[in-house]
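These notes concern the structure reproduced below.
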Amino acid sequence: MALLQGEPQNKSAGFPSLVVLGIIATLSIYFPFLASNAHISSDGQFAQFFDNGFHWSDRYIGGWPSYADPNSFAFYFLKYLFPANQKGFDYFTLSAIFIFAMGNSCLAWSLTRSRAASILAVMCAPGLGFLVAHLGHTSMLHAAAYVPWMLLAGLRLSTRSVAWPAWVALLAVATALSLATGHTQITVYGLSGCGLVAMPLTHRPSKIMSVYAQIVLGVTLGAALSAAFLVPALGFVADSLRASIDSETLRQFSLRPFELGINIFPYLAGGDMGSAAPTPYAGTDLTNNWSENIAYIGACIPFLILIGARELWFDLVGRKLILAFVLTSILALAPSLTNLSAWLVHVPALSLFRAWGRWQIVSSVIALQLACMAFARMTSASLPVKVRVRRAVTAILPLIATIALFRTCTSCSTSIDLIQLFTGPTLFQFLTLSLIAIVSVAWGIKGFGQTNFLLVAPILIAAIELLNLARHAPSTNILGNKHDDAHIEVLSQTKGLIATTKGRLLTLSGWTSPNLSPDIARAAGIPSLNWYGPLLSKRFAELVGMTLGGWTQPNVMSEQNQVLDLYGVSIVEPYVPNSAPEIPRGQELYPPARWAPVQTTNPAGLIFNTRSLPRIRLVGESILLSDPQILSALQTSRLQDGRAFRAARTALVENVNAVLSGNTVPVPRLKIADEQVERVAVTLESDNQARIMLVIGDNYSPNWTAWVDGRPAAVARVNYNQIGVIVPAHTRSITAEYQDPLLRLGIVISAFAALLTTLTGLYGARVYSAKNRGHE
């Protein structure tokens, strides 16, 4: 192809027209969001979009920076180009899809030098199922936006161009922007795809090493550019549950073998991993708005590939892309293969990236590029009619075979009835395939090959597909995201209760709660104890007994357990019926001595914790215990010697330096002068005669520092995972702040890397311009 050999078919890709087409294609698919009251925020990530602060905190208890997702887009510059409102967030989300489309178009131009292929790429890219299925997972979409740019840099570096510094700079910028979105998993998959497609077409080790040295340089520069995010995040990852995963969870986040068809045939497979059989996405299950296993790539894409498969295989670049497509597809299902997940789970570097099904983002991009390469050949070659007919039949037969397989498969719930061949998405597929077959045959007939209609027919077909997708797929997210008046009333009531009680919300059923799930509560700005399990700190998860899915174990509700009191949980939504746990006979799930019903319109009800403690409090006694003893005391309200324990007046410490006097001393009243996520300032209204302790009901981090009367004070971990400040006698004021020195170090590294990347890119651009002038 044009990447490695031959002269360009066009001098220009018509970049301005591609930009316009990219905007049109993006808006055509996602127009339902822009024309309705629904917003692209199904997992509540617009909450972090509104947070414009460059700070780190333990705000939602999870031990991660603001809103538990890494750094809340704080270092992602694109966020600041859009207004901080819901409609601005919608356009911010769609900007990722537009960047993704333009990257695919530039990649297609680099591979083919065909304007028609570039147009096909920019129009089909917004309809890839990975993007549609993950609407609302904004950080993932923006991380994925730069995957085609990574592949472009890798392919260009594999040619060992004299302008390689420019492509190194492109790889660095794409890597940095993808990392800055906070979804490192997709960045790693994209960079892995870059490494696959960058394999030089040579057997000389020196050339291979040279290419991969340049890729390593680009990735290193990219990581350095995003150091302001990465360096502080490393500490959070080390303290989280991210590396703790069982083999069954790893298997569930991968594709199953029969689902590989979703990379080839849309609508026929994919769906909810929790089901025993595949469920169609846009055919019969429009309520499935969160699918890890969808890769809609348009009917015209796989069949263009099949039509040109032979030529693609004998083209060196095409063969490389085919092999990369096969490998990434296999990786998407690897953990679901027999006993493989049990082995992979013990490899930390691999188990960190649990959603292996998301390798589809790489395989889908490669599939689109293969289609563009085949399309470019079709528009530039004239072949006999028999060859065209044979290719058309070869392209259609796999679809017929797949439909027959699903019709006869007794274990699949997606058997296609005959009527579906004439209505709905299946008919649309046949229509698309028929048009492609007609076009491919007509191209071989003398007098028809050069007509404008036949030249643009596959592009028109893609446009029709996009409109069809706009009518079907986005309605999924609208249905799952549109809140009625009753739901809004529940959110308003709950937010008011939390503000009145100055506490936090706990949803016992986690994500299965219909009205107050963690993502909905987060989007509504309700302080919540729930969070995404892998992002929880290990010690906090042990305290609260929270599972990876945000579901809370019932023992924290017992009368003896004081963990929820410590973290200021004042309002709890009980278990919804489909997730209520079984408890031993004779025990009460919600002891009335501790929990009182609250009047609410929430169908699941709400209960009030009569023992909830304030976030900031003073205690006059501390007891030295080991970690297991502290955990037991908090969960049973009994110390090792049998004495009763109450967290309202006593702190449990693991360091002898944090032990106060032997007896409980009276504590003065405190006045809160400043209370923020990462800063607390209080004054004492009377003199304290002995040492006491200020307890902050957030997760402990060594980055907390404190001052008493302007002098540095000791900060200790208390109550297994909370913050304690030692307050000497006769203190008047106390201040505690969260300050991460690694953040400052990361900013310095990022600034230096930005300068180096800029110089590298400018040098590469200069060499590239000089090369072009030399060819004129």
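Heads up, the Cβ atoms here are built off N, Cα and C, so glycines get one too.
Record note: among 12-33, 562-583, 12-33 is the stretch given as transmembrane segment by TrEMBL.
TrEMBL tags one of the stretches 91-109, 452-470 as transmembrane segment, and that stretch is 91-109. Tertiary proximity for the transmembrane segment (742-765) is limited to same-chain residues at least six positions away from its ends with a CB under 8 Å from its CB atoms, namely 56, 75, 163-170, 172-173, 176, 221, 224-232, 234-235. Counting residues 6+ beyond its ends, the transmembrane segment (91-109) has Cβ neighbours under 8 Å at 13, 18-19, 22-23, 25-27, 29-30, 40, 49, 78-79, 82, 115, 117-126, 128, 131, 135, 138, 141-142, 144-149, 151-152, 155, 365, 368-369, 372-373, 376 in the same chain.
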